[in-house]
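K.L.:
Quick one: the structure is below, questions incoming.
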Amino acid sequence: DLRVIRSTGKIRNEQTKMTALHLACANGHSAVVTLLLERKCQLNLCDNENRTALMKAVECQEEECVTLLLEHGADPNVMDVCGNTALHYAVFCQNLSLAAKLLSCDANIEAKNKDNLTPLLLAIIERRAQMVEFLVKNGANIHAVDKLKRTALMLAVNYGSTNVVGLLLQQGVDIFSQDVFGQTAEDYAIISGFNIEQINYVNHLDDLTQSSETVSEDDDVRYSTNSMLQVEPLGLGHKDSVSLLKIQDTILSRERLVGFQRSHCELLREFYRMKSKVRGLQKELSETKEVKSQLEHQKVEWERELGSLRFTLKQKEENRRNADMLCEKMREHLRRKEDEYSKEVEVKQQLELTFRAVEVKLKAERNNLNQVSDSCEKAKDLLCKNHMLQEEIAMLRLERDALKNQHREKEENYFEDIEILKVKNDDLQKTIQLDEEMLTKTISHYTGQLNALTAENAMLNSKLEKEKESKQRLETEVESYRSRLAAALHDHDQSQTSKRDLELAFGRARDEWLCLQDKMKSDVANLKHNNEMLSQQLSTVESKFNKLKIKLHHTRDDLREKTLMLERVQRDLHQAEGQKQEIEHVYRNQQGKVNTYLGKQESLEERLYQLQSENMLLRQQLNDAGNRADSREKMIISIQDQFQQIVRKLQAEREKQGLMLEERNKELVKECNHLKERMCQYENEKAEGEVMVRQLQQELDDAVKKQSVSEASLRLTSLYCPKLEAEAQDLKNNCKLLQPRQVTSQVCLKLNVLTVNMQDKVF
């Protein structure tokens, strides 16, 4: 957002240290550049590679941004980390218009980078012929040299640009200048396989050689004329033809000695050239050693990176093991939960069995109630107990339904939690497998690259050893040449001493001169033979040297290819680092997920603890219910005992009343007959009631199956209970008022009717 950009323009990226002006120039946003320039931002701020916004604009060939920056006073002569200026970037991009704008704004055309390359030399290396012509027209120095003191002509010949060579020769470049290794442009042309006939300065070299030959011939003529002038006075003095012939022979021998000296000088020159070439080879060997050390350093760095990757692999394996352990723990917890659930199901089944047993007992008690419906007091007690038992049954049913609902909810929650945990476990296993596959692929890729680099390093070591051996051979050959040259020099000194002796003895005795002449001829023959041998050896050395040059050229090409391979490997390493960062990011996300899973596991454990506590409470409630059932059974047994005692008392009272009634039996015969008739009616009604009771019992069995209907009926019974109790009290009061005659008949009938009504209302 442009509102965020301050007037200073110092908002930078933390990694690249690029300002907003850098980014705008790199992306060609001229409107943003004008806005920043209007707010007076700093133009010459540099990024992490010491590049200004002008350099970024030139590199991305954004002419509008370049013109805006130059108009507002951007410095075109700022150097980056490698010493390159904005003009170097324009030359590299081959943009003539940008180069012209930079030169119009006082850009230094002779600025040198760390490799001592001016823009002209960089254009020659990059084979930018149009840029070379443009820079030469604008006054670039054609005599500039790089670190190895290579001129523009040498670089043009080395990189095979014939047009640039012709242009430089037209500008009068020095063709005889030598680099650090003593090589000229002609040597570079021979090494790079350049066609020398295409170069325009060959005729100039021929003229120079012809002039040197004419000078040497003039010297020879002068020497011969001087010698003839020296001979003439001798001939005039002696006038002997034989002596003249001898003098001419001596002159010829001296001329031969002079030729030998010249050949010796040429040999010395070639020897010094060989020395310079050996020095060049030594420097190249040192460079190859440096390259080897760099490769070893890179190998050590890659081994460190491999170690770090292996360490991360170990950490991920440990994390995977920890995840597996957590999964196993979760499975154990789930198994425990399933065991607890199975135990709860068993307890539930036991409760249902106990409940059924209680229902069976209730049915038995109901049958007993039907059997004991004849007695009034027993019926009352049984009704009260029946009400109590029915209420307790309703409570137990409600508790049972609540327990069933709770168990169902718990089962559903447990199954949902189990399914969620299974899905999460599967996701974790899939992510762990993907991480393992990615790590194995990266490790195999890096191991392959390391193996290739080790093989290349071994090849380089073998080549270095071969070059060392060839260097040692050359040194031994050079030493042999030195010894031979020393012997030749010694022979030459001896010949000079013999020559002086001959000159001194020439005036003394003519006879000794003949012997000396023979010796001189033999010495000259030996020297010629030695000269021929030396020339042959020199030719062999030159052929070997040319082969070594070709090998050096091939080794340079191999080194370039290997540097390209190293750059590719570095790019792959950067990509691998990016992948590593992505894997670390994924691993952090997975760790976050694992932490969430751990939190969920803790919550599940808390929930399990709560469920266990609830289960304990339920078990306590079940135990309490069992205790209550035992106490109720005891109460029922005690009630049965009391009921039997009451029946016995009633039987005793009946016997007493029977004795009393026998006396009054006669009076009541009529009434008994009448009562018998009514009893028959009541018995018919009772049979009908029993049929109704049986139907109600069947409906009761169906109602047990339908619990929802029974709950509604229980609620209705809770509403009708007070009315029934009131009716029972009214009946008791009526029973007290009735005579003992009517107690046994009417009360029993009413009680039967009440029991039937109660059963109808209950069920």
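Any Cβ shown, glycine's included, is placed from N, Cα and C.
So TrEMBL lists the following for this protein:
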REPEAT    16-48  repeat 'ANK'
REPEAT    49-81  repeat 'ANK'
REPEAT    82-114  repeat 'ANK'
REPEAT    115-147  repeat 'ANK'
REPEAT    148-180  repeat 'ANK'
COILED    278-413  coiled coil
DOMAIN    371-736  domain 'CCDC144C-like coiled-coil'
COILED    450-491  coiled coil
COILED    517-621  coiled coil
K.L.:
Apart from its near flanks, which chain residues at least 6 from the ends of the repeat 'ANK' (82-114) lie with a Cβ under 8 angstroms of it?
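P.N.:
Long-range Cβ neighbours of the repeat 'ANK' (82-114): 52, 54-55, 58-59, 61, 63, 66-67, 70, 76, 120, 122-123, 126, 128, 130-131, 134-135, 138-141, 144.
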K.L.:
May I ask for the residues of the chain that lie six or more residues beyond the repeat 'ANK' (49-81) and have a Cβ under 8 Å from a Cβ within it?
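P.N.:
Residues 19, 21-22, 24-28, 30, 33-34, 37, 43, 87, 89-90, 93, 95, 97-98, 101-102, 105-108, 111, 113 contact the repeat 'ANK' (49-81) from elsewhere in the chain.
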K.L.:
Apart from its near flanks, which chain residues at least 6 from the ends of the repeat 'ANK' (115-147) lie with a Cβ under 8 angstroms of it?
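P.N.:
For the repeat 'ANK' (115-147), the sequence-distant neighbours (Cβ-Cβ under 8 Å, at least 6 residues beyond its ends) are 82-83, 85, 87-88, 90-92, 94, 96, 99-100, 103, 109, 155-156, 159, 161, 163-164, 167-168, 171-174, 177, 179.
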K.L.:
Using DSSP, what's the helix, strand and coil tally for the repeat 'ANK' (115-147)?
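P.N.:
Per DSSP, the residues of the repeat 'ANK' (115-147) fall into 16 helix, 0 strand, 17 coil.
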